[in-house]
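**Q** A single structure is presented below for examination.
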């Protein structure tokens, strides 16, 4: 059970490298894969700031790396990209793969409290285990400068993780995030199974609920949302988040993009803006 990451693939891209790693995760109790995009290095001793990408339902660590085109701007800005997986895998918990929106590929970036799903601790994996692993094994990464972003379930993950760890991350952004999961079907299904029936526990992983408790959000939050996204009305609810930001005086740029859907075509169109948003914050 190798906790140190082993490199399993490498591809050159925009003068940097996509590298995929495998390691055993004590937090999740299984082997996990993740990707790092290393930009081209100006000198052997150079350290890159780190930008975590959290993917959406059904994704692995590969979707973003293959489809987003984020490497072009990351290379130009000198920011390393980290793309973890979306849940534990291979644990063979009964029912883990029965539906696409719960279980495998659907970790929701929380720490489950229900016994059956006790290994689903993607919050601790992303916030604690992965940064420690990176700082111990990759001297070219500066994990004291970190930001976070994501899409859909991963947008929910990025927003909630950021709001719960304002001292840790310099900035946050999201594409079509599940912004108020306590009020949508995906959230109800995931939270009731992972966290039980107490709604107060759900609110700890709801960006709209968390915003009202946040006093010191000074960095502007950037959200892009496609107006032709079929999940916009029932599942994503960005306007609830927008209202909460207004009430709490949290700076938010919510951009509704006409004609765009929920896909990676949408993400690829606006990814450069997000990379630059974070690069600016990380270079303070």
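Glycine residues also receive a Cβ, built from the backbone N, Cα and C atoms like all the rest.
These came from TrEMBL, pasted as-is:
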ACT_SITE  152  active site, charge relay system
ACT_SITE  229  active site, charge relay system
ACT_SITE  262  active site, charge relay system
**Q** Measuring Cα to Cα, how many angstrom lie between residue 262 (active site, charge relay system) and residue 152 (active site, charge relay system)?
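**A** Per the Cα atoms, residue 262 (active site, charge relay system) and residue 152 (active site, charge relay system) stand 8 Å apart.
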**Q** Sorted by position, what residues of the same chain at least six away from residue 152 (active site, charge relay system) have a C-beta under 8 A from it?
**A** 56, 57, 175, 176, 177, 178, 231, 236, 262
**Q** Name the residues of the same chain, 6+ apart in sequence, whose Cβ is under 8 Å from the Cβ of residue 229 (active site, charge relay system)?
**A** 176, 236, 260, 261, 262, 266
